[in-house]
Amino acid sequence: MTDIVDELKWRGLFAQSTDEDALRKALADGPVTFYCGFDPTAPSLHVGHLVQVLTVRRLQQAGHRPLALVGGATGQIGDPRPTAERTLNSPETVAGWVERLRGQIEPFLSFEGENAAVMVNNLDWTEGLSAIEFLRDIGKHFRVNKMLTKDSVARRLESSEGISYTEFSYQLLQAMDFLQLYRRYGCTMQQGGSDQWGNLTAGLDLLHRLEPDASVHAYATPLMTKADGTKFGKTEGGAVWLDPEMTTPYAFYQFWLNVDDRDISTYMRILSFRSRAELEELERQTEERPQARAAQRALAEELTTLVHGAGQTAAVIAASKALFGQGELAELDEATLAAALSELPHVRVAEPAPVVDLFAEVGLVASKSAARRTVKEGGAYVNNAKVTGEDAVPAKEDLLHGRWLVLRRGKKNLAAVEITGA
């Protein structure tokens, strides 16, 4: 088996674990059956989940057997957040989200061979459990004073919101998952984020009590952070989702393309499957020519392909180039163009209007007089064609797919106009 621990550490994917020597030996002797859980608290995974999803993939490629758990039971409860109670979703809603998340996780894993992945749902062993059975068989083995010390619980107890018994009990449900997976599949390792460490160790404690001969482990990845202090995975428009209907492939690609130079080396190591030599070369290029954004482009292309497929990546790259004058906008299919333009400032008008009016209305300039100056200075473009006259009005035949105009001021300032009455 591949000794994966050093690789995980080099990539910045190793925050903490139970006895590291024992874990290292188990992974070296392998294969280890391990699990990672994903709660369906929304209809899609977001980019923050990629750390876990891709680490599961990485461990499977090293020869280990993954159990990907989508929490049809725990998703109805919700892991305690630092600030407030979660909104409870109906069982029907959660069940629908379980299927959506399964569909997003499955393409990252292999379901063939000796270490074939298995998708599991903790509702299978929780739904038929009575309250009496749960309290006698699971709750009996936990001590409240220890449960109160878990970070997720302690933070809530210090807040004015407090914590409900429902969310307080979440760690018991997650602990039961580890017990069930050990008994059903021989699972001996649990993987999660470092913010889940209290829940991971709760599972270990339960196994040690009920299966004292079991040799089991827990391993946590660090949380993704940003150099500017803002939350990873968020934009002005909200979370960056893996579902293409919630975040377009174009917006997904642009999210990675716009990663801060201070963060890109860290993100590349954590998320990319490129070799050390390739990553070190990209780090060197970033240091020497940060304006080229070679590492950002490489990561954006790799992750967009993993999540959305090579075809979507090619379309997104073509759209990105065309928007900035390095390709033909007219050659983009309507769906790709519309997705790209949806991420830009845009206005809707009934008929084509003078270019200076459109530039001012969409906010590319502060006023019509500023728009005229931009035209005079040669910095105004419509569909990548330079505007040469202050009184220019786009013709209907100029509209992309019969309804779109792409406005650009200078090299980087873009906006879109949709003509509704064309």
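Glycine is no exception: its Cβ is also placed from the backbone N, Cα and C atoms.
The shown structure was predicted, so the numbers you read here are calculated from the model rather than taken from an experiment.
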Matching range for Swiss-Prot feature annotation, motif ''HIGH' region', among 40-49, 70-79, 300-309: 40-49
Listed range which Swiss-Prot flags as motif ''KMSKS' region', given the options 16-20, 81-85, 191-195, 231-235: 231-235
Max pairwise CA distance, angstrom, over record-listed L-tyrosine binders Tyr35, Tyr170, Gln174: 17
Same chain, 6+ residues apart, C-beta under 8 Å of the C-beta of Lys234 (ATP binding site), given in sequence order: Val240
Other CB atoms, at most 10 A from the CB of Gln174 (L-tyrosine binding site): 27
Model confidence over the domain 'S4 RNA-binding' (353-419) (mean pLDDT, whole number): 94
